[in-house]
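So that you can see what the record holds, here are the features copied from Swiss-Prot:
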| type | residues | note |
| --- | --- | --- |
| MOTIF | 21-31 | motif ''HIGH' region' |
| BINDING | CYS153, CYS156, CYS166, CYS169 | Zn(2+) binding site |
| MOTIF | 355-359 | motif ''KMSKS' region' |
| BINDING | THR358 | ATP binding site |
Amino acid sequence: MLCLGAMSERSERYLVTSALPYANGPLHVGHMVGAYLPADIFVRYLRMRGEDVVYVCGTDEHGVPITLTAEREGKSPREVVDYWYAHMKETFARFSISFDNFSRTSTPLHAQNTQLFYRKLKEGGYISEAESKQMYSPTEGRFLPDRYVEGTCPVCGYKEARGDQCDNCGSWYEAYELIEPHSKITGGPVEVRTTTHLYLDLPKFAGRLKDWISSQRHWREPVKNFIISMIEGGLERRPITRDISWGVPVPEPGFEDKRFYVWFDAPIGYVSSTQEWAERTGEPDRWREYWQDPGTRLIHFIGKDNTVFHTTMWPAMLMGVAEDGEEPYILPYDVPANEFMNLEVPVEGERRAVQMSTSRNLAVWLHEALDRFPADPLRFYLASTLPETGDVVFSWREFQSRVNSDLIGNLGNYINRVLSFTERYFGGTLERPSRLPAAAQEAFEDFRALEESYGRKMLDERPREAFAELLALGRRANRFFDAAAPWKTRKEDPERARADLYACCALLGSIAYHASPYVPEAMERLQGFFEGPVERITDLKPPGAYRSAGARPLFSRVEDEAVARAEEQLSRALLGR
């Protein structure tokens, strides 16, 4: 039976979140490396250590991206989000993302929470009302969000510029600055009108935000310095309502036809999802331990485009709702923000690195990748290329190389030959020797050093760096097996061969322990034919025996034909075919 060894020391309680994905389209590999796979690896490691950890997420189901999709497809927003919620939940499960709760922002509970946050912020004096200019469509009889407006860019003259940014020159502007603006939906003319909205008075939090961020000594310095510089440059009020019909209603007279801005209600979804989890476990008030106990570490895994929001606006909201005598909310302990993933696409004999484009179908959609390959090899490759310090490139060719050489040739090869050799020549049982050979003791010492480094990097939320230590464990174990040469000693010195293979099984247990956060399905399958502790050498209490029966390879090679088909799909998308 596979038993994951838990470490005896328990330090903190953890609440881990991943950014809420918009429920308006499928997930792709860029999403995974940004906010979901690194969080899942981290959470799985914490669970193995025996830590108290809850991992929540959910779909972001409000805002313009949803309504645009609905109008384009001739559906209601509810139909769109219901479909994509189910699709995403299934895709996450297929990819072995182990949420404790996966919620959605269209639930009654979430609406109540959003309105409660608003009321508390208003009571604290952090909400104000102001007029602003916005585009209005006389034909449709409604105000149009920026993404509903197109026109000619006032900077470069591009004729299909969006209402907030020009895709041609990258310029940002107000929608009413466009030349000859028109509705993206009807093509009809639009005009500037005045509308009234509610605002979060972010400048009132500037001092507290600066002090809090300055105290985060474990944050990356570039991130800290950037946010502090932004605060010192002056924060602006942020609108929290929009002229839109789909979203959380605003509990304010005169605002019946408006809804909360999606940026305001989405992060409250973290709280709602935690409450759902607590309710489901039969302890409805337990969510407070994770949101109001200073002993909890709140960690938000996000993409870098969400950094400013999660380090200024969201913390300000948490600060502002805790001033009416209730227990204050904790603030984020860390906000690991990953960079972006581009694509390597073969076109006309050369390989190009291009940006993903969901509108052009230029992406590696996760559900399609899972139709081609099991989850573990995909997780393994993506873990090796997590964009922790800079943008990265997804390559099907590199995927094949990593899986075949590192996953199979290094880790899988070691596990397979140790267990198959044990079964073939020693009946599948290796009893504990009276003493381990000196070479085994040296390997154990090397493992302890690598295990310590792996654990330190994991707790620093750097799973890509920890991944390198996992591969180093595999290489060190293979060197020990090769040097022990049990194919020779089984004849010349059977007792030495048994002792060496016993040590090999101990190393195997450590490899399986450290591989579990990355390739969980394979390590679960290992329990079908390996009996022995799966834990660090550092914590190992040598068992009376290791046993193996029916060992078989855990992974399959990635063949050239499969890679060629996957690359062809990207090539066609790039060429618009």
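For all residues, glycine too, the Cβ spot is worked out from N, Cα and C.
Values in this document were obtained by computation on a predicted structure and should not be read as measured data.
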**Q.** Neighbours of CYS153, CYS156, CYS166, CYS169 excl. site residues, C-beta within 8 Å of centre, Zn(2+)
**A.** PRO154, VAL155, GLY157, TYR158, ALA161, ASP167, ASN168, GLY170, SER171
Q) Cα distance, the residue listed as 'ATP binding site' to CYS166 (Zn(2+) binding site), nearest Å? A) 17
Q. Over the motif ''KMSKS' region' (355-359), what is the model's average pLDDT?
A. 88
Q) What Cα-Cα separation, expressed in whole Å, is found between THR358 (ATP binding site) and CYS156 (Zn(2+) binding site)? A) 25
Q.
Please identify, from the binding-site residues CYS156, CYS166, the residue with the sparsest Cβ neighbourhood, meaning fewest other Cβ atoms within 10 angstroms.
A. CYS156
**Q.** Secondary structure content, the motif ''KMSKS' region' (355-359) (per DSSP, counts of residues)
**A.** 2 helix, 1 strand, 2 coil
Q: Sort out the sequence-distant neighbours of CYS169 (Zn(2+) binding site) for me: same chain, 6+ apart, CB within less than 8 Å of its CB, listed by position.
A: CYS153, VAL155, CYS156, TYR158
Q. Of the residues in the motif ''HIGH' region' (21-31), how many are helix, strand and coil by DSSP?
A. 3 helix, 2 strand, 6 coil
Q) According to DSSP, which kind of secondary structure is CYS156 (Zn(2+) binding site) found in, if we only use helix, strand and coil? A) coil
Q. What does DSSP assign CYS166 (Zn(2+) binding site), in three states?
A. coil
Q. Just counting, how many other CB atoms are there within 10 A of the CB of the residue listed as 'ATP binding site'?
A. 13
